[in-house]
Amino acid sequence: MSGMGVLLLVLLLVMPLAAFHQDGEGEATRRSGGLKRDCPTSCPTTCANGWECCKGYPCVRQHCSGCNHGK
């Protein structure tokens with residue numbers, strides 16, 4: 001394999017891992033094939049406005065989706 005091929009292979013392996021890193025309020029972790037985020041403690045478990053529980057965290061059935069304390 002040429003040097004360029006090895007570099008491409010390394011980039012293809014590293015890029016998906018970098019996608020799990022998030023800046024801001026949540027910390028990304030991979031669990032059981034899905035992406036779960038640790039929500040800020042100030043983020044409610046239910047959605048007051050019906051579409052977003054806190055900045056960037058969507059609601060599913062009135063609960064914060066993708067967060068450890070939301071189902």
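Every residue, even glycine, has its Cβ placed from backbone N, Cα and C.
Swiss-Prot annotations:
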SIGNAL    1-19  signal peptide
MOD_RES   Pro40  4-hydroxyproline
MOD_RES   Pro44  4-hydroxyproline
MOD_RES   Trp51  6'-bromotryptophan
MOD_RES   Glu52  4-carboxyglutamate
MOD_RES   Lys55  5-hydroxylysine
MOD_RES   Pro58  4-hydroxyproline
MOD_RES   His69  histidine amide
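Recorded features from Swiss-Prot, shown on the structure.
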residue: Pro44; record: 4-hydroxyproline; Cβ neighbours (10 Å): 14
residue: Trp51; record: 6'-bromotryptophan; Cβ neighbours (10 Å): 8
residue: Glu52; record: 4-carboxyglutamate; Cβ neighbours (10 Å): 14
residue: Lys55; record: 5-hydroxylysine; Cβ neighbours (10 Å): 10
residue: Pro58; record: 4-hydroxyproline; Cβ neighbours (10 Å): 12
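Taking the C-alpha positions, the distance from Lys55 (5-hydroxylysine) to Pro44 (4-hydroxyproline) comes to 11 Å.
In the three-state DSSP reading, the residue listed as '4-carboxyglutamate' counts as strand. When the Cα atoms are compared, Trp51 (6'-bromotryptophan) and Pro44 (4-hydroxyproline) turn out to be 13 Å apart. Geometry remark: Pro44 (4-hydroxyproline) versus Glu52 (4-carboxyglutamate), CA distance 10 Å.
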